[in-house]
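Per Swiss-Prot, the features are as follows:
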ACT_SITE  TYR235  active site, proton donor
BINDING   48-53, 74-75, 111-112, 139-140, LYS244, 273-275  NAD(+) binding site
BINDING   TYR225  substrate binding site
SITE      GLU75  site 'Plays an important role in discriminating NADH against NADPH'
Amino acid sequence: MIIKPKVRGFICTNAHPEGCAANVREQIDFVKSQGEIADGPKKVLVIGASTGYGLASRITAAFGCGAATLGVFFEKPGTERKTGSAGFYNSVGFHAEAEKAGLYAKSINGDAFSDEIKAKAIDVIKRDLGKVDLVVYSLASPRRTDPKTGELYSSVLKPIGQSYTAKNLNTDTLKIADMTIEAANEEEIANTVKVMGGEDWELWVEALKEADVLAENAKTVAYTYIGDKLTWPIYGKATIGRAKEDLDRAATAINQKLADLGGSANVAVLKALVTQSSSAIPIMPLYISILYKVMKEEGTHEGCIEQLYRLFTEGVYTDTPRLDDANRFRMDEKELAAELQAKVEAIWPNVTEENLFEETDYKGYNAEFLKLFGFGVDGIDYEKDVAPDVALDLE
């Protein structure tokens, strides 16, 4: 099959197996080039391990620390006629490289919100690893079924308190127009917290602790984004922000649960990046396009893997972590530098459809977006026939 990108709205509906594998190799090469991380984890569970920050966490743990990794994700394998999801192909690529390097890598494909998948992960840890010393929680999902009640909850991306109107870039048509998003009602806020908040992170840690598969001094991290003035109305001071605040509540609760093990739980605040999740959030594509332009000009731009390597070396595995007063690791300090934000804010009102490619790095944004799905990757022949049904040995 010749595989070319099929983009609809903010999602690419197909993926390229070889492009995704090359993407993973590129991230692995970066980690190897940085050198080994001192006193890093040795046995790691990554919940949401197949794309974005979760995948970068798995790569950093394995190739920066020599860790055995168990990944949990919900991805679609390819068939003879249809490509699988990018996350599936990323995981195939990761497994291949881990095997070459003699590193333990196992994966579970299923709904991480369910009790069944938690039990399966615990069984694999008991069988193969004994105990894990790091648990990364990096799930991004629009829906969640509560395992206790069976009720399905859906999240919304809406402001809180009042509707919000702002400039928005339609990445399909490249049209720029004001977009008004109505304020969320109380039920929508509560449902978004239920899906994207810290409850499931807590349930995972509780299940792992109860099963006695957490090592002494085990650490756990969950990821968030805070942003600044331009993104606050749709992010920080919105339904997604309320859900992310719930992560702080969960971190405090988990810390208490891990106290007798000498363990710790922290939220890590990361920078804005092109991911499958961020591309779905109104305003973010335009904001990220401007941010990329300014950060690249200043030489401070980082991708997922650079952020994660730094989180390990400057946050989780150092005696002097960059923590804020809410006990969160801060890896967004370059994005939030006052001078840099001032430049972004100055560009924002001047962007038009005519000057989009001069005033912003939309070209870079779009290239990164396609790369998430394995397209536009250097060294890949996209005219070549490739088999979409790639096998992955799953638990």
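Every residue, even glycine, has its Cβ placed from backbone N, Cα and C.
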**Message:** Nearest of the recorded positions to VAL274 (NAD(+) binding site) by CA-CA distance, picking from GLU75, TYR225, TYR235?
**Reply:** TYR225
**Prompt:** Tell me, which recorded positions from PHE74, GLU75, LEU139, TYR235 are within 10 Å of TYR225 (substrate binding site) if we use the C-alpha atoms?
**Reply:** TYR235
**Asked** In Å, rounded, how far does the Cα of LYS244 (NAD(+) binding site) sit from the Cα of GLU75 (site 'Plays an important role in discriminating NADH against NADPH')?
**Response** 24
**Message:** Give me the count of other Cβ atoms within 10 A of the Cβ belonging to PHE74 (NAD(+) binding site).
**Reply:** 19
**Prompt:** Using a Cβ-Cβ cut-off under 8 angstroms and a sequence gap of six or more, which residues of the chain neighbour GLY48 (NAD(+) binding site)?
**Reply:** GLY54, VAL72, PHE73, ALA112, VAL136, TYR137, SER138, LEU139, ALA140
**Item:** Integer Cα-Cα distance in angstrom, TYR235 (active site, proton donor) to GLY52 (NAD(+) binding site)
**Value:** 18
**Asked** Measuring Cα to Cα, how many angstrom lie between SER50 (NAD(+) binding site) and GLU75 (site 'Plays an important role in discriminating NADH against NADPH')?
**Response** 8
**Message:** Suppose we draw a 10 Å sphere around the Cβ of LEU139 (NAD(+) binding site). How many other Cβ atoms does it contain, all chains included?
**Reply:** 22
**Prompt:** Could you state the CA-to-CA distance between ASP111 (NAD(+) binding site) and GLU75 (site 'Plays an important role in discriminating NADH against NADPH') to the nearest Å?
**Reply:** 9
**Item:** Sparsest-packed of the listed recorded positions (TYR225, TYR235) - C-beta count within 10 angstroms
**Value:** TYR225
**Fill in**
GLU75 (site 'Plays an important role in discriminating NADH against NADPH') and GLY52 (NAD(+) binding site), compared by Cα position, are separated in whole Å by 14
**Message:** Quick check: in three-state DSSP terms, what is GLY52 (NAD(+) binding site)?
**Reply:** helix
**Message:** I want to check the contact list for GLY52 (NAD(+) binding site): same chain, sequence separation of six or more, C-beta distance under 8 angstroms. What comes out?
**Reply:** SER138, ALA140, LEU273, THR275, GLN276, SER277, CYS304, LEU372
